4 protein chains.
Amino acid sequence: MCGIFGVSAPRMSSVLEDLYLGLYALQHRGQESAGIAWLDGKGNLELQKGMGLVHACLNQEELAKERTKCAIGHVRYSTAGESNIINAQPLHATYSKGQIAVAHNGNITNARALKRDLESRGAIFQSTTDTEVILHLMAHEQSLSPIDALVKSLSKLRGAFSIIAIIEGRLVAARDPWGFRPLVIGKRDDVYYVASESCALDIVNADFVRDVAPGEIVIIEEGKLESLNMPVKAERHFRCSFEYVYLARPDSVIDDKSVYDVRLKLGQRLACTCPCSEGELVLGMPDSGTIGALGYASKSKLPFEMAVVKNRYVGRTFIQPTQRVRSLGVQIKLNPIKGLIKGKSIVVVDDSIVRGTTSKMAVKFLRDAGAMRVHLRIASPPVKFPCLYGIDTPTSSDLAAAKMDVEALRDYVGADSLCFLDVSDLVCSVGLPEEELCTACFSGLYLKE
Amino acid sequence: MCGIFGVSAPRMSSVLEDLYLGLYALQHRGQESAGIAWLDGKGNLELQKGMGLVHACLNQEELAKERTKCAIGHVRYSTAGESNIINAQPLHATYSKGQIAVAHNGNITNARALKRDLESRGAIFQSTTDTEVILHLMAHEQSLSPIDALVKSLSKLRGAFSIIAIIEGRLVAARDPWGFRPLVIGKRDDVYYVASESCALDIVNADFVRDVAPGEIVIIEEGKLESLNMPVKAERHFRCSFEYVYLARPDSVIDDKSVYDVRLKLGQRLACTCPCSEGELVLGMPDSGTIGALGYASKSKLPFEMAVVKNRYVGRTFIQPTQRVRSLGVQIKLNPIKGLIKGKSIVVVDDSIVRGTTSKMAVKFLRDAGAMRVHLRIASPPVKFPCLYGIDTPTSSDLAAAKMDVEALRDYVGADSLCFLDVSDLVCSVGLPEEELCTACFSGLYLKE
Amino acid sequence: MCGIFGVSAPRMSSVLEDLYLGLYALQHRGQESAGIAWLDGKGNLELQKGMGLVHACLNQEELAKERTKCAIGHVRYSTAGESNIINAQPLHATYSKGQIAVAHNGNITNARALKRDLESRGAIFQSTTDTEVILHLMAHEQSLSPIDALVKSLSKLRGAFSIIAIIEGRLVAARDPWGFRPLVIGKRDDVYYVASESCALDIVNADFVRDVAPGEIVIIEEGKLESLNMPVKAERHFRCSFEYVYLARPDSVIDDKSVYDVRLKLGQRLACTCPCSEGELVLGMPDSGTIGALGYASKSKLPFEMAVVKNRYVGRTFIQPTQRVRSLGVQIKLNPIKGLIKGKSIVVVDDSIVRGTTSKMAVKFLRDAGAMRVHLRIASPPVKFPCLYGIDTPTSSDLAAAKMDVEALRDYVGADSLCFLDVSDLVCSVGLPEEELCTACFSGLYLKE
Amino acid sequence: MCGIFGVSAPRMSSVLEDLYLGLYALQHRGQESAGIAWLDGKGNLELQKGMGLVHACLNQEELAKERTKCAIGHVRYSTAGESNIINAQPLHATYSKGQIAVAHNGNITNARALKRDLESRGAIFQSTTDTEVILHLMAHEQSLSPIDALVKSLSKLRGAFSIIAIIEGRLVAARDPWGFRPLVIGKRDDVYYVASESCALDIVNADFVRDVAPGEIVIIEEGKLESLNMPVKAERHFRCSFEYVYLARPDSVIDDKSVYDVRLKLGQRLACTCPCSEGELVLGMPDSGTIGALGYASKSKLPFEMAVVKNRYVGRTFIQPTQRVRSLGVQIKLNPIKGLIKGKSIVVVDDSIVRGTTSKMAVKFLRDAGAMRVHLRIASPPVKFPCLYGIDTPTSSDLAAAKMDVEALRDYVGADSLCFLDVSDLVCSVGLPEEELCTACFSGLYLKE
């Protein structure tokens, strides 16, 4: 998971602050590092990056003073063992055809083989990102123009990638032929924006234009947008269903489907397939289960209550994980309204179960608050398979639903009942044809290589 | 508005981290400064304070290592012109009877007269807090024991005060005879806690014992709690109704009334007294209007949607108020789900209208998102009078409802309709007798002096 | 030890930055905290203070924008057990006659008795500074004007104090009748400055006017300087000789005597009274022994070399005192030029011996660098008595020269020979009459009370 | 200018703190960025780098806990336009033969040509450092072992380079065949150290073993040191003379010559060739002119005085360059002892004149302090040519002595007389044969390519 954001203006403009805001709107997609690259007035690439949240990496006040025609930015999600400034993006390089900057969201499944091949031709890798592979592939296409080299290089990649780049002074955006990760185009006056999610267009007041199509390469310059297609054709699409379930912000629209709307439908469908006759109250685990709970409640005609309150200052006032804090657990962040819960049969909706530890804590936490019975309802199918396409799910051995059946899992989390959606419910709720959607983490149906 | 928290253990214990967590749970009551005072092993008072949020002022890791029998803490709300470290609390002083530390929530209405009198007797004031008045009054009662001096001093005060203090090594808590500001007692094993709100007891896993009664002085030492009464008797109580409307956390229980429950009832009653026949959708302004909206929706049978999404990183990734950011306005923080709103008649619930500017922005913001009609419903009466008892409301000239009638205000905020609760609805929803509740900011009925 | 600095301009001027620079020039007098107080355009006192070096406590950029007619500042030296923001100065208070701010350098020997008396009259002490005593004394003189109250209050004090204050909008400076601590007046155009040392006048390009005389109170307003005398007359003066030996900057002139010049003479006299026939090389311990070594070398005709180099980044790149760092000791900061030292008989000059540990390390350090013989020469008499007048010397039990005679001390520090100046040499080198100089830490001759 | 430091221990040891201290001792060689790379217990390379001083980039406390067998570090000097984290060293890469980390001091004169060639073979450059060229050259020698690839790669370089690297888990150090930049080997017990200057060996208590010879490659592993020679033979050496004049710390010994000793001799020779009959006093500009002044004074029998005092807190308490600060100029940092200077003919010694602005300010500054006449003596020849070998001198158009003859320069700086050493004096003072020394910045005699 990462977030990318780009901007192209027909003349030197104060749009770097929009880049800052766009990355801020995408902060939920990555908190490990942030960075931006932009063209200065002389056509040189400038770079700012650092570890941590957007405000810690980038200097908004300085950016507000700068002007540019083209800029890209990136927020990076922390994945184990590789947390280092050398992996912060965008990557930037000089090669035989000039300067280039690239930022990337996704996971390239044949990266290792490509790296080995490139290394045998003399390439050195200074990061552990897949992004660097793209740069090397381009540089080894000496006879092609930079854009042609990009097209050819992307054609060699398998797996998930949405990228934005500055190439020859132009903003370039591309999405893999399978459409794994989202990528949208927006416009405000004559300024174009490209973003991982539409919520980042909203914050800069840009109008949504359209999604970048799977396999499409978009080139923006001087207020004009040109579109190319990658030569590789996908047999089917693999748009990530987990974006709708958990990753994306509810106020985003991905491939024409409102994330909020999908989550509401998931909750409604859950009410149909996993009813709870003795339920007296529906609540969602903050924040990810709330919309599903709303859907469940409206469909089941059970009352919905915001019976678990999240401390507004979580994340702002830093709490060290000392022994005392660990012993207190989740109540540092969440507090139940005991008066609502006490003595009742509660239906708790959450978006998904990955490791199972959070659900276990949630159930205990509600019982401690006096719940008589706790019925856990999950607004997605069991996650049984690792994601190969850029989401930081654990390996199978750490996926609760890969190790236990539903009854064992219910026992493990301590709920009175536990019920999941099945994959077809998920597909229906998203509203895209099954062959357009990646459900690999639920179904094990991966892209064939 | 401020938050106070105290702890008393029968023996030297690692309870300073609880103090840290308690203040963190009360952070919504004050963000300007934070401070703590505690007794070290030799009976001396130690002090830590600073400007900003709890984590910026206090060193959790160091506090986790310290031990104490008695400690108090304070978070301070920023009020114009007096933002300075010298006003950070607790205040601490040495006087003829030894050391004392005091923290205070409220506003003493006769402070100016008391200060003038004290100054004429040689007192110097090093802060602009009311708290310092209490210290001086005590110091001028040379013939009395510290506790007796406190009782006598508090008897001279008019207005709102909930205080905690360390006096002669004991934790002392007191609430003014009118009961303006809340104050609760909790217990965990043999450790006593005192807090502005019950949510701060929850975070440290303490059981709620009871509210401190109006006019009560509680003295805790060696695991024992003793109760005194101030000689001043109040003719009636003035428990702050605005705590239920806006200030307190919804997961707190104040004077036996659940804040969540009151807000839900305010919303339900609003649905009865201010129905909206053409409403298609109910939404609450995050975060303060949400529970009221939930009540409104359930009562009116209109669908409730979380149609305005708040960026989870607001407050964490700092956004400078540059020209561009100001031009974008509230959408930096909030994003509407356009698909839900477009073309619809929307009922928006907010907790209150003070200056009116927020409501005006909210209405515009929803119209920009495509709302056909915007009906604003306020889950409290119009705020027409300034608070004299510790809440930072503006003077009458800046209170929208003091300058305009409802129709003029509707026009100003740009809503299609605007409707408030009246004071009797508020009183009913809280559930306390009218003569127990302060509604001065709505009704102008102040404590007679 | 502390440093104070004040400025008075006839009209609202940008002189707060001068205050910043003046405190920066006095930083050697105190590194624990810094603070300033100034009059704003409406005649109100503003305050900024914090813990640490000047740049960490004060915001130069903001100060550069402010204007004032009168301002004072303070840097505080850390003394054991009282390191806390509540002791940072200037102190500021409101009392019956208005607002006042005071900063103070020195130690009032009858402070405890005065505090006890004030407490019995109802005073509360919020800091452990002597400065607060002055504020209370003034506030208890209700019938007098503020300036008269100051005069009367200062008359009650015994011991060392140089103070600056803002009283009734005027800059007031005073020096105790014995003249313990230095205080100088400077002027630049029509702006007056008052400072602990003349080096702080130099940095703001002010001309030295004169020292404040012992027992003098100076009042500056609207570009005019008025002088009063305290009613208390001193039988003799007690100007601190240790300022010349160690405390003051060499570029300062105190009571008409150049500190550099005094240190050079101390070194020259040391060459006469403590010659070293076998010495091949003279070096000074950086930084405090260097000038004395220069004097010693010139007089003894021995070559002077800067044979110990101090890392220029000491204090900038912070080194944690880990186990490894402690094992390396003083060589983290200092490095000898081995080529100069190896096989030679070295004369090392230092300014003084207090605890003896530094000298012991210095001798070992030079032996490790290959010195054949190390002859230690101290450019002052043995420190045998604690300072009661504001210098943070340890109690007698930690003063090396109070516990051992010179031979024992030589053995303890490991030198081949050790020789001190005697008190009469010190007096001669300073050039002030013996009855004008405090030599209490060397001679035990304290002010009689 | 940069500083490099490496360490190799025969077993996992706590030597990363030594690396921290070594870089701290080399901080004068670069303040823009700092970084380290080390082998963890599994043989993987770990990396820490950042912008600013050593303590801002590296976490000493964490490093004190880590263990390693091999580590290298780097401090980087700021050169215009390239200040960015991507240029912070060591560089680290993965290539076909494994992982490698390199840090580098110097300037490779054929870097541009080498880059162009590498780019034509598909290389991408992610920094603007010469160091990256070395990595690419190695990676393109697919058939050779890493060490052989390094030897062959270094053989292709022209210009100045001292490098340290971690290759195949071994510490490798190399110095170009001309010996431009210094590099020394030290040892402490069975731990080897390599450093830019010997002062960095002193701080970790390591014994100086020897200089790395020009053209030598040293490989250290398991406590054993192996030495190779580069196939390229230099016709003559070009050891940098400016290291002795200004760059290196005086407590370092470079190529068997003590820097302190050379500076003293430069001053003595200056006294012979540029005497000043009317001089009454010799002083050095802090800090770089002091030792030369000492030599001048001892030879000329004129008194030496430390008549200009540097504020000890320069660099610690940060002073913003506001308008007021700029108007005050150098006196923010330096203060003359007016009593010594007033009315006298002063001989001022400085190490060199580059742009001439500092000298101009120094002369004015002394005249303002009352000097009757100011005679400027420079302990090196005029700098007339840019350095191509790694020192950040300006282009000829900004070199004062390239634009003016000595008389014009004297007039420009405002001195009563001005005199330089000539190149032969410099050579003699260093004590190395002329054909061993680079004097290009003075003489224009560059390495022929």
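Even glycines carry a Cβ here, placed using N, Cα and C.
Because TrEMBL annotations are produced automatically, they should be read as predictions rather than curated entries.
Note that the structure is a prediction, hence the values are computed from the model and not measured.
If you look up TrEMBL, you'll see D:Cys2 marked as active site, nucleophile. Neighbour list (D:Cys2 (active site, nucleophile), Cβ cut-off 8 Å, at least 6 residues apart, same chain): D:Arg29, D:Gly30, D:His74, D:Val75, D:Arg76, D:Tyr77, D:Gln89, D:Ala103, D:His104, D:Asn105, D:Gly106, D:Ser196, D:Gly390.
Take the CB of D:Cys441 ([4Fe-4S] cluster binding site) and look out to 10 A: across all protein chains shown you find 28 other CB atoms. Here TrEMBL flags D:Cys240, D:Cys387, D:Cys438, D:Cys441 as [4Fe-4S] cluster binding site.
When secondary structure is read from DSSP and collapsed to three states, D:Ser288 (Mg(2+) binding site) falls in the coil class. Residues or ranges marked as Mg(2+) binding site in TrEMBL: D:Ser288, D:Asp350, D:Asp351.
The domain 'Glutamine amidotransferase type-2' annotation in TrEMBL covers D:2-223.
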Inset, instruction - Measuring Cα to Cα, tell me the gap between D:Ser288 (Mg(2+) binding site) and D:Cys387 ([4Fe-4S] cluster binding site) in whole angstrom. - result: 19
Inset, instruction - With an 8 Å cut-off on Cβ-Cβ distance and a minimum sequence separation of at least 6, pull the same-chain contacts of D:Asp351 (Mg(2+) binding site), or say none. - result: D:Val245, D:Tyr246, D:Arg263, D:Met285, D:Ser288, D:Gly289, D:Gly292, D:Ile378, D:Ala379, D:Ser380
Legend entry - Least surrounded among the binding-site residues, given as D:Cys240, D:Cys387, when other CB atoms within 10 Å are counted: D:Cys387
Legend entry - Listed in sequence order, residues with CB under 8 A of D:Asp350 (Mg(2+) binding site) and six or more positions away: D:Gly284, D:Met285, D:Ser288, D:Gly289, D:Gly292, D:Thr358, D:Ser359, D:Ala362, D:Leu376, D:Arg377, D:Ile378, D:Ala379
Legend entry - Shell list ([4Fe-4S] cluster; ref centroid = CB of D:Cys240, D:Cys387, D:Cys438, D:Cys441; cutoff 8 A): D:Phe180, D:Phe238, D:Ser241, D:Phe242, D:Leu388, D:Tyr389, D:Ile391, D:Thr439, D:Ala440
Inset, instruction - For the binding-site residues D:Ser288, D:Cys438, work out the Cβ neighbour count at 10 Å and name the residue with the minimum. - result: D:Ser288
Inset, instruction - Restricting to the domain 'Glutamine amidotransferase type-2' (D:2-223), report the mean pLDDT as a whole number. - result: 95
Inset, instruction - Going by DSSP, give the three-state secondary structure for D:Cys441 ([4Fe-4S] cluster binding site). - result: helix
